[in-house]
Amino acid sequence: MTLQWTAVATFLYAEIGLILIFCLPFIPPQRWQKIFSFSVWGKIASFWNKAFLTIIILLIVLFLDAVREVRKYSSTHTIEKSSASRPAAYEHTQMKLFRSQRNLYISGFSLFFWLVLRRLVTLITQLAKELSHKGVLKHQAENINQAAKKFMEENERLKRLLKNYGKEEEHILEAENKKLEEDKEKLKTELKKASDALSKAQNDVMIMKMQSERLSKEYDRLLREHSELQDRAGKDKKCL
């Protein structure tokens with residue numbers, strides 16, 4: 001195997017190893033996300049994109065070269081012509097065909113696994129972000145549930161307080177209404193007494209007024225009689 005195909009085979013083995021490591025079930029995507037978030041990857045991001053495209057181009061070139069070699073050595077005309085000139089040519093051609101097919105598989109799978117590896121890294125990163133987002137949403141949902149539970153408990157407590165307060169308020173209102181009814185009855189009684197007293201006072205005033213009028217009339221009569229008596233007494237003295 002030449003140096004270039006040895007490098008491609010090593011690259012293929014490395015790809016298989018990385019894919020197997022990425023597929024290990026006990027390493028969570030968040031751990032890979034932390035590894036991918038190292039600052040060193042940010043520094044080589046531009047070089048990494050260029051290297052990725054360069055490796056794809058090289059693998060495509062090697063794959064096409066391997067396809068050309070396979071087509072070259074798998075031609076029936078070439079095999080028959082070589083076999084006629086030299087007895088060992090058939091075995092030599094078959095060996096080259098085997099190497100060409102091996103190189104074809106190595107380059108083809110290297111190209112395929114390289115694309116798979118890039119896609120796998122992207123999917124792991126997206127999965128880690130989704131899991132992180134899911135964790136945040138779960139935490140928010142738990143907080144919302146706790147807050148809702150707290151609000152429900154507070155609401156129940158307020159309902160109980162309002163219920164108790166309503167009962168106490170009802171008792172207070174009943175007591176106040178009872179007291180107001182008693183005060184009302186007392187005021188009615190006092191008002192009736194005052195009305196009776198006023199009526200009696202008015203009657204007394206009327207009686208006193210009538211008595212005063214009679215006394216005035218009697219007094220006027222007595223004055224007239226007194227005047228008449230004085231006049232008579234004066235006339236009697238003059239006659240004597």
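From the backbone N, Cα and C atoms, a Cβ is placed for every residue, glycine too.
Considering the side of the membrane named for each residue in Swiss-Prot, Trp32 and Tyr73 do not coincide.
Range with Swiss-Prot annotation motif 'Di-lysine motif', chosen from 65-68, 125-128, 141-144, 237-240, is 237-240. Counted with DSSP, the topological domain 'Cytoplasmic' (125-240) comes out as 115 helix, 0 strand, 1 coil.
Per-residue confidence over the topological domain 'Cytoplasmic' (125-240) averages out at a pLDDT of 79. Per DSSP, the secondary structure of the topological domain 'Lumenal' (1-6) breaks down as 4 helix, 0 strand, 2 coil. Residues 62, 99, 103, 106 of the same chain lie 6 or more positions beyond the ends of the topological domain 'Lumenal' (1-6) yet place their CB under 8 Å from a CB of it.
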